[in-house]
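Peer 1: Positions annotated as region 'Disordered' by Swiss-Prot: 1-22. The ATP binding site annotation in Swiss-Prot covers G34, L35, S36, G37, S38, G39, K40, S41, and the record cites sequence analysis as its basis. The feature active site, phosphoserine intermediate is assigned by Swiss-Prot to S108, with sequence analysis given as support.
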Amino acid sequence: MSESNHITWHDSEVTKKQRQHKNGHKSAVIWFTGLSGSGKSTVSVALEKELFNEGKQTYRLDGDNVRHGLNKNLGFSPEDRSENIRRIGEVAKLMVDAGALTVTAFISPYKEDREGVRALLEDNEFIEVYTKCSVEECEKRDPKGLYKKARSGEIPEFTGISAPYQAPENPEITIDTEHDTIEQSVEQIIRYLKEHEYI
């Protein structure tokens with residue numbers, strides 16, 4: 001990654017605190033992590049809608065969606081996966097600075113990468129949501145047919161099958177998508193946000 005000594009950071013005259021005050025809530029990254037098929041996208045879509053309906057400034061970044069544009073030049077090697085998360089972390093930080101409750105849904109299999117995003121943000125601005133679901137259940141669901149392709153060898157380095165997933169050890173929130181409904185999971189997250197005075 002090239003760096004230049006000729007680049008200067010320009011501060012805005014509108015602060016993050018001012019934006020949060022105008023929005024009537026704090027800003028943070030609500031970072032969903034979990035296996036493919038665990039329900040990250042499904043629950044994050046429902047959460048974004050609930051926050052929006054409650055009048056909150058919110059935006060969702062989805063793993064598949066960003067690979068159509070921002071990260072379309074990245075593959076799925078360990079290095080590219082890490083770069084994928086690094087870029088998303090930087091975008092999420094900008095959105096937090098803009099005062100938004102930023103919902104992200106990425107497998108983000110490596111603990112080091114997730115902690116790297118946490119380190120970009122101020123204290124309490126990174127809310128890790130572990131979307132807990134067994135490989136067996138994820139494979140049973142297989143909404144995109146990816147597990148079938150991974151088992152046949154069509155997709156190498158597939159998280160949970162032929163590539164590792166490092167589950168969070170101390171996430172702020174764990175949702176049990178194998179047993180709880182979408183509504184229950186969203187309710188659990190909203191409750192956390194209210195109890196910790198984000199909203």
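All positions are counted from 1 along the displayed chain.
For all residues, glycine too, the Cβ spot is worked out from N, Cα and C.
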Peer 1: With DSSP as the yardstick, break the region 'Disordered' (1-22) down into helix, strand and coil residue counts.
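Peer 2: Once the DSSP states are binned, the region 'Disordered' (1-22) shows 7 helix, 0 strand, 15 coil.
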Peer 1: May I ask which of the binding-site residues G34, G37, K40 is closest to S108 (active site, phosphoserine intermediate) if we compare their C-alpha atoms?
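Peer 2: Nearest listed residue in space: G34.
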Peer 1: Hey, what's the Cβ neighbour count for S38 (ATP binding site) at 10 Å?
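Peer 2: The Cβ of S38 (ATP binding site) has 27 Cβ neighbours within 10 Å.
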Peer 1: To test your reading of the ATP site: which residues beyond G34, L35, S36, G37, S38, G39, K40, S41, same chain only, put their Cβ within 8 Å of the Cβ centroid of those residues?
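Peer 2: For the ATP site, the extra neighbours are T42, A105, I107, T131, C133, C138, T177.
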Peer 1: Restricting to the chain of L35 (ATP binding site) and a gap of 6 or more, list residues whose Cβ falls under 8 Å of its Cβ, or answer none.
Peer 2: I107, T131, C133, V135, C138, T159, G160, Y165
Peer 1: What's the number of neighbouring CB atoms sitting within 10 A of the CB on the residue listed as 'active site, phosphoserine intermediate'?
Peer 2: 27
Peer 1: Determine, from DSSP, whether L35 (ATP binding site) sits in helix, strand or coil.
Peer 2: coil
Peer 1: Long-range same-chain neighbours of S36 (ATP binding site), Cβ under 8 Å, sequence gap at least 6?
Peer 2: I107, C138, K144, L146, Y147, F158, T159, G160
